[in-house]
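*Asks:* The following block contains the structure, expressed as structure tokens.
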Amino acid sequence: MKKRIVLLPGDGIGKEVIDSAKDVLSAIAEEFNHSFSFDTHEIGGAAIDQYGTPLPETTVEACTQADAVLLGAVGGPKWDNNPSHLRPERGLLGIRKALDLYANLRPIKGFKNLLHASPLKEEVVSGSDLLIVRELTGGLYFGTPSERRDNGNAVVDTLSYSRSEIERIVDKGFQAAQQRRGLLTSVDKANVLESSKLWREIVEEKKAQYPDVAVEHVLVDAAAMKLITNPTQFDVIVTENLFGDILSDEASVLTGSLGMLPSASLREDGVGLYEPVHGSAPDIAGKGVANPVAMILSTALMLRYSFKLDDEAKVIEDAVQSVLDAGFHTADLQVADGRLVGTFEMTKLIVDYIKSQNASKCIASCYF
Ligand SMILES: NC(=O)c1ccc[n+]([C@@H]2O[C@H](COP(=O)([O-])OP(=O)(O)OC[C@H]3O[C@@H](n4cnc5c(N)ncnc54)[C@H](O)[C@@H]3O)[C@@H](O)[C@H]2O)c1
């Protein structure tokens, strides 16, 4: 298979972990006889410094022509005081909108030997395996421009959704549940918000099309509580932009480190942007200690969702599992009797596994 992949390293550790993604994909291409070409472009703070804008036209054009996009992370203190149109995050919102990436998928699954790293009790998080499907291009973040009134002492943000915007994301939620354990939790605030009332009506209408999926409605405040008191009750959660933003960060603590969580942002035709959930981590940038696993697992999502290469995606996920099971970990993860490694070494272990497809042989003979 021949595919064009655009790499957007961005800022901070984004630049480090994107190299890990490239190494892993090159190994997959070699092992499975694919041809992946990589084209690197700027976004975020790096783009502001070079082009005076967080999202240059050349970046948008390259992404539009690509089969998939991998993004590291954007942001950092250097640009924190910039006016809002010159903030690195504008680049991220802009590329999601430009590519019409309306569905954000975040799988959250605890790795067995890392459960102790969760701030929640091990017995609470053990067995958690959920997927958050978040609407990404509508709602409060994309309302009519926010407005200050009354000499800056009052403010208006608008939350608007059209029927078609809700229908397409709800469909994604149902379809994801069909491929998993068949339970869809729709999260809204239908006791207060009109947008949530329409959301709930649409979920109810859609139910008939997916008879194999059980549906429940949960208010967002209750969902926030249940996520940390009983996360195993969830399979697929589908929700709007703002609620999804908050709940997916809350759910990220289940696994113990932001460095472990991948995400996919998809368009109807399967083109997608894949990125780790974490940010640019300015506190550790340039030190070679960042955990590359979230970025590497994002490449697995890319192979699965955009290229339909399920076996190859599984090889990457098995490689990560195997290296972690062998006790290797980066500094963000505390593993009793583990072997502390940096970004480069962690990536090499995973690449070596992919090439050998035999964890014990590889870890014993390739690395030490
Ligand atoms: N999608 C994105 O690009 C994105 C997401 C969130 C935050 N940000 C931006 O990133 C910058 C820093 O934000 P923040 O500090 O709130 O969040 P962050 O995710 O960058 O870091 C939070 C903490 O987690 C640690 N961490 C994060 N990823 C790690 C990894 N892979 N390995 C090891 N440790 C890791 C960091 O060292 C830090 O202590 C800000 O400018 C913010 O706007 C960008």
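Quick reminder: no glycine exception, Cβ is built from N, Cα and C everywhere.
Pulled the feature table from TrEMBL, pasting it below:
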BINDING   76-89, 279-291  NAD(+) binding site
BINDING   R96, R106, R134, D221  substrate binding site
BINDING   D221, D245, D249  Mg(2+) binding site
DOMAIN    4-350  domain 'Isopropylmalate dehydrogenase-like'
SITE      Y141  site 'Important for catalysis'
SITE      K189  site 'Important for catalysis'
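Provide an account of the burial state, proximal residues and distances for the features listed.
*Replies:* Cβ-based neighbour count (10 Å, all protein chains) for S84 (NAD(+) binding site) stands at 9.
In the three-state DSSP classification, R106 (substrate binding site) falls within a strand.
D245 (Mg(2+) binding site) carries a helical DSSP state (H, G or I).
The Cβ of Y141 (site 'Important for catalysis') has 16 neighbouring Cβ atoms from other residues within 10 Å, across all protein chains displayed.
The DSSP secondary structure for K189 (site 'Important for catalysis') is coil. Within 10 Å of the Cβ of K189 (site 'Important for catalysis') there are 19 other Cβ atoms, across all protein chains.
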*Asks:* Going by C-alpha distance, which of the binding-site residues R96, R106, D245, D249 is nearest to P88 (NAD(+) binding site)?
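*Replies:* Answer for the nearest of the binding-site residues: R96.
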*Asks:* For ligand 1, list the binding-site residues among G76, R96, A285 whose CB atom is within a distance below 6 Å of it, in sequence order.
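*Replies:* With ligand 1 as the reference and 6 Å as the Cβ limit, the list reads G76.
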*Asks:* In the structure shown, which of the binding-site residues G76, P88 has the fewest other Cβ atoms within 10 Å?
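*Replies:* Each of the binding-site residues G76, P88 was scored; lowest Cβ tally within 10 Å is G76.
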*Asks:* I'd like the number of other C-beta atoms within 10 A of the C-beta of A285 (NAD(+) binding site), please.
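*Replies:* Its Cβ shell of radius 10 Å holds 18 other Cβ atoms.
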